[in-house]
Amino acid sequence: MKSKVVIFDTTLRDGEQALQASLSVKEKLQIALSLEKCGIDILEIGFPVSSPGDFKSVQTISKNIKNSRICSLARCIEKDIDAAGEAMSSSDSFRIHIFLATSTLHMESKLKKNFNEIIDMAVFSVKKALRYTDDIEFSCEDATRTTMDNLCRIVETLIKSGVKTINIPDTVGYTVPNELSCIIKNLFERVPNIHKSIISVHCHDDLGMAVGNSISAIQAGARQIEGTINGIGERAGNTALEEIIMAIKVREDILSVSTNINYKEIYRTSKIVSQICNMPIPSNKAIVGSNAFAHSSGIHQDGVLKNRKNYEIMEPSSIGLKEVKLNLTSRSGRAAVKHYMDEMGYNNSDYNIDELYTAFLKLADKKGQVFDYDLEALAFINKQQDEWEYFSLKFFSVQSISNSLSTASVKLLCGKKTYTESSTTSNGPVDAIYQALNRIACFPIILQKFQLVAKGKGKDALGQVDILVEHKKRKFHGVGLATDIIEASAQAMINVLNNIWKAKQVNKKLKILKDFKKK
C-alpha cells in the first residue's frame, strides 16, 4: 500500500506575501473553499498577529472550512501563539505552525542568540501552543543552511516536546535536490525519535528547483509537502502544488506515494487563485498554463491525433480541463487542418485539402493563429482576411457622465457604402462602446473573456485586448492593439464582428450549394 503525502497549502499566507495588495476576507474565503474542494489536507490561512485584518480572515475561514484542517503561523512569541489559537478557536481541529531560525547566519545576525537559547525558546513556545491544540508543526527556518549537528539536536528535542510535524524549509531556495535528500536521510539516520513525527519540506524557487527539491525530499522519506497554487510567493515563489501533485500521480511508479487530492479540481482552483490574486499564469506554466496541452508543431499534432499519449504524459481531463484543441499556426500540418474540418462536420468531398492548406499557410503567416471559422472562409469563400473586412470603425467617442455610467457614439462602415451612427449609455466605457457597435451589427453575443495586456512601458506602451464571445453556441476571438485601451477594445470587437459576419457568409454559400445539389 502506498504511503500518503500530506499536502500543505500556504497560498493564503506565504503566497499572499507576493501580492501588491492584501486580499479581502471574502476573497480569502473564496480561495480557501476552493482549496478545500480540491482536497488539500492542511490550509495555512494566515498570520493572525500580523494585523487585525489577518486575524479576522483567519476567524472567518475557521468557521467555514469543515473538511481540510486549518493552520496559522506564529513566531516563538507568546502573543503570536495566543493570537493563532484564539483566531482558530471556532474550528473543531486546527494546527499551530511555529517557526524559528536555526542557521548560524540567522542566529548571529538576526536574532543575536546562541543555539541553546534557540532551543529554549522553541521548547517554551511548543508548550504554550499545546494549550490550544495537540497538532503542532515547527519550522526550523533556514534549515538547509543549518549545521547538521544543530538540526538533528533541535529536531529530537522538538519531537520530545510534542511536535507532530517537523518542517525543513529551504527558506531562500538555496539547496539542490541531492543535498536536500541527504539532509532528510541524515535526520532519519541520526534522530532516534524521528518516526514519531512527520517530516515536511517547504521549498522556495530562487534557483528554480523548488519542485525538484520537494520530489527528492519525498524519495528520502518526507511525507508532507508545503507549497502554493501556481507557485506564488515571496521573491521567486514557492513549490507549485499543482506540479508536485501531478508529479506524484504521473510518476507513482517510482515515487510509490499518493495524495488525497481531487485532481479534477486542480485547473479550476488554479484559475480562481490567478484571478483573485491578479497574477496571470504564464502560458508555458507546467500543468495549468495555456500551452501545457497545446500542440503547434505539425509532427506533434499528427502524433497526438493518432494517439494523445505520443506527446501527452497526462490527460487534460485529469486536472479538470474539458476542452483542448490543437493550435493552428504556420507550423501546423495538413492533419491538423483536416482534423478541424472533420470536427466541424465537413466531408473530404466538400473541399480541396491541398488548396485549403496552401491558403491556410498564407493566412497563418499573416495572422499568427488561425481559428475554425477562418478555415471555413478559406474553404468556401477562398479570400484572404484583408479582403473580407465587412465592418470598419471610422469614428468613436466615449464620455463618462457619472462615476459608473458612460455614453458612446460610433460611426461604422458596413460593407462599402453604409455609414451608421449609434450611441448608448452603459456601465463603463468599454461596455458602452460594445453595446453601440452591436446595436449596429445586430449579432446576439455573450462576452466570455476580456483580457488586457500591456505591450511595452511608458507613454508609448500599447494595450492589447483579447476577447472571446459566444454567438449562437459558437466561440469567436478578437484582438485589438492600440495606445488607447478603449480603441484597442473597440478594435477587438470589430475583429469579432467581422469573424461572425464571415461565418455567416460561409453558411449562406453552403446553403446555396446544398439547395443546388438537391435540385
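Cβ atoms here come from the backbone N, Cα and C positions, even for glycine.
Swiss-Prot has this to say about the protein:
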- 5-267: domain 'Pyruvate carboxyltransferase' (DOMAIN)
- ASP14, HIS202, HIS204, ASN238: Mn(2+) binding site (BINDING)
- 392-519: region 'Regulatory domain' (REGION)
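Helix, strand and coil residue tallies for the region 'Regulatory domain' (392-519), in that order: 50 helix, 58 strand, 20 coil [DSSP]. The Cβ of HIS204 (Mn(2+) binding site) has 26 other Cβ atoms within 10 Å, all protein chains considered. Within the same chain, residues at least six positions away from ASP14 (Mn(2+) binding site) with a Cβ under 8 Å of its Cβ are GLU44, THR228, GLY233, GLU234, ASN238.
Neighbour counts of Cβ atoms within 10 Å were compared for the binding-site residues HIS202, ASN238, and the top value is held by ASN238. Other than ASP14, HIS202, HIS204, ASN238, the residues of this chain whose Cβ falls within 8 Å of the Cβ centroid of the Mn(2+) site are, in sequence order, THR10, PRO169, THR171, CYS203, ASP205, ALA210, GLU226, GLY227, THR228, GLY233, GLU234, GLY237, THR239.
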